[in-house]
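First up is the structure itself, then whatever we jot down about it.
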Amino acid sequence: MTVFSGVNKIEFEGTFEGIGKDVVMSQMIRALQKHFPSIRDKNYEFSLFLHIFQRYVLENTSITHDLVCDKIRLPIIDEVVELDDIKNYGLLEGKLLSKLAILKLTGKANPIIGKESPLFEVKNGMSSLDVIVRQTQNLNVRYNSDVPLIFMTSLETESQVSNFLEEHYSSSKVRWKTVVQSSFPQIDKDRLLPIDLQINSHENDFWYPCGTGNLTDTLYFSGELDKLIAQGKEILFVSNVDNLGATGDLNILNFIINEKIEYLVEVVERTANVSNTGVLATYKGKLRSVYYNCLSNESASTCRIVNTNNIWIDLKKLKVLIESNSLNLPIHSSESKITHKNEEIECLQFKTQLVDCIAFFPNSRVLKVSRDRFLPLRTCKDLFLLKSTLYDLDSNGTFNLYPLKFGLLPSIDLGDEFATYETFKIGVPDIPNILELEHLTVMGNVFFGRNITLKGTVIIICDENDVITVPDGSILENVTIWHKSQLEDMNGY
């Protein structure tokens, strides 16, 4: 990519909200050079940001929530391959793993759990990082392989992740490393200029990781892509660090290699516990990711599968696309507010998503996988399920699901009082036994005791001026509770 040195490099037409587009670009370039001189030490980041900003100015690229719902088309179900159909696809050989590398997207702390999210205890004393390293280690030991593990971090997470891994897994059977993705400056929405801070401050409020789509450029410009190819790696398996079911799978790898697939995205059946996650759809003739709440009412009612962000990529094909400047991913722009020098500033952020790369790989596939490959830890209801008796976590980092009485995971609906982990652990200090639970709704000031069992459908809704405490040892089955007196009157709980 070209590092823009002046406005004469760009052709402009029309205006951008009353300001000449050439003026907007020229001002941005001068502001970056003046206020952030050290950005020139990373020419590729300078270029990446200007490339994205230029497209935003010239195209006024659609913001995600401004997509025209009626133009979104869900994929035909026949176009989706089922995991069961590819199991034992040809002869499974452990030596295929010599062609595989695994990468975990670790650029953003979980807003529900907080800055400690990668180190947060999920179950049995293990954090997300413990689980992931042990899963990869188990794969290597089982097949006598050497699958490397890469964590793509950010300015926000790099020191935390690398320090933890160095302390606990410096001598493990997994070759791990971290690669820091690019960060972009927050843009003042009104002035269309970066907030005036020195780049060396790296305050997280003013710098942000620029989305999972940046993985391609980070791998390329860091030299990691060439290193992987030189090591004989052909396929990169990418997933979110908070998806604890995303493991290297020999069946999927075998299918990809035999079919010469260049890009594969895993999807799962949508359930009641999945809210506004990504959905693969066609928009203006191109396959891309949209959020579930962008769908029309008609499409939403027929949407059966959602994106897991488990992605398999052919590394050599990726390099070809990068070097031919072919990956012009859709820009997802969003607005936020930050406080700087006691002044509230409305900001713009520009991100790209890795899943949108699917439109640029000629031989791509969508694979519907089983639910055990999508165990996200994004919300407190996810935490409620994973920490419950429904799941067992073994020493290899594998989650095992107990047989479900109703055939599906229970539907969990928690109110705003349980929105963050800090408030969640106060209201639910001990996860109830939910082996026979079908649905749970909890709203208001509700506090659970210990050794509680929930069965069937349990609804607890507390008035805003009241408090409901579920006593230790309670057994609640097919009940709706509106007032604490109902618990006091119950027999046998």
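For all residues, glycine too, the Cβ spot is worked out from N, Cα and C.
Per Swiss-Prot, the features are:
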BINDING   L105, T106, G107, K108, Q181, G211, D242  UTP binding site
BINDING   G107, K108, N240, V241, D242  substrate binding site
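Annotated features taken from Swiss-Prot, shown on the structure.
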| residue | record | Cβ contacts under 8 Å, 6 or more apart |
| --- | --- | --- |
| L105 | UTP binding site | M152, T212, L215, V238, S239, N240, V241, N309, L354 |
| T106 | UTP binding site | P118, F151, M152, T153, S154, T157, V161, T178, V241 |
| G107 | UTP binding site | M152, T153, S154, E156, T157, Q181, P209, T212 |
| K108 | UTP binding site | S154, E156, T157, P209 |
| G211 | UTP binding site | H332, K351, T352, Q353, L354 |
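Binding of substrate is attributed in the record to G107, K108, N240, V241, D242, and the widest Cα separation among these residues amounts to 11 Å. Shown are the binding-site residues Q181, N240; the one with the most C-beta atoms within 10 angstroms of its own C-beta is Q181. According to DSSP, Q181 (UTP binding site) is assigned to coil rather than to any helix or strand. There are 25 other Cβ atoms within 10 Å of the Cβ belonging to V241 (substrate binding site).
A sphere of 10 angstroms centred on the C-beta of D242 (UTP binding site) encloses 25 other C-beta atoms. In this entry, L105, T106, G107, K108, Q181, G211, D242 make up the residues listed for UTP, with the farthest two CA atoms of the set 17 Å from each other. In the three-state DSSP assignment, the secondary structure recorded for K108 (UTP binding site) is coil.
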